[in-house]
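K.L.:
My structure is below; once you've seen it, I'll send some questions.
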Amino acid sequence: MKFYNKLATVSVTSAIVMGSVLGNAQSTFASSGGNSSDQPADVSYMGNTKNPKNVIFLVGDGMGPSYNSAYRYFADNPETKEMDKTAFDNYLLGTQRTNPDDPKENVTDSAAGATAFSSGHKTFNGAIGVDANKQKVKTVLEQAKENGKSTGLVSTAEITDATPAAYAAHVDDRDKKDEIAQQFYNGQN
């Protein structure tokens, strides 16, 4: 029963977040004179895009092409012959993927994947914020702090879960949750 409660919570939260993001993106696109052609949207309404004041980096943990396809089928109007465009079609520039630096595995787990995304360094499965030699690697949040920026880390999972932890902790085993929490608490990173 606990599993189903957790699943329901995650599903509702995901739906709210995606609805908010996609709903706002669609209304922004529509109000900016967007069209439904395959031509790129006119982004001149976005202002200065060369030097952003703030950056929000969203990670849809486990969100791959199948998730996007499921949303596309869910949102499509069955009365039309063509598949309707979704709000994110005009903004989707690409996807990111990685494989582990792990001689025993070729499928990346969340820890190795998030470490690669957060730092640009591949590592072995289970590692958080360290390279294949177990050396600390600088994350994008740490670099932002060094540059005098404010940072934040928000997660719908436990903050010591592999994906959020890879942005602010450095351990050689994702199961060292106490050590991860201690690093957060002490502000070591």
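For all residues, glycine too, the Cβ spot is worked out from N, Cα and C.
Below, the features straight out of TrEMBL:
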| type | residues | note |
| --- | --- | --- |
| SIGNAL | 1-30 | signal peptide |
| BINDING | ASP61 | Zn(2+) binding site |
| BINDING | ASP61, ASP161, THR163 | Mg(2+) binding site |
| ACT_SITE | SER110 | active site, phosphoserine intermediate |
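Locate each feature and note its surroundings.
P.N.:
Under DSSP, ASP61 (Zn(2+) binding site) is assigned to coil, being neither helix nor strand in the three-state scheme.
Neighbour list (ASP161 (Mg(2+) binding site), Cβ cut-off 8 Å, at least 6 residues apart, same chain): SER110, SER155. Following the DSSP three-state reduction, the secondary structure of ASP161 (Mg(2+) binding site) is coil.
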K.L.:
Using Cα coordinates, what distance in whole Å links ASP61 (Zn(2+) binding site) and THR163 (Mg(2+) binding site)?
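P.N.:
Cα-Cα, rounded: 7 Å.
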K.L.:
Given the Mg(2+) site residues ASP61, ASP161, THR163, which other residues of that chain have a Cβ within 8 Å of the mean position of their Cβ atoms, reported in sequence order?
P.N.:
VAL59, SER110, ALA114, SER155, ALA157, ALA162, PRO164, ALA165, ALA166
K.L.:
If you draw a 10 Å sphere around the Cβ of ASP61 (Zn(2+) binding site), how many other Cβ atoms fall inside it, taking every protein chain shown into account?
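P.N.:
Here the count is 14.
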K.L.:
Check each residue in the chain of THR163 (Mg(2+) binding site) that is at least six apart in sequence and keep those whose C-beta is under 8 Å from its C-beta; list them in sequence order.
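P.N.:
Correct list: VAL59, ASP61, SER110, ALA111, GLY113, ALA114, SER155, ALA157.
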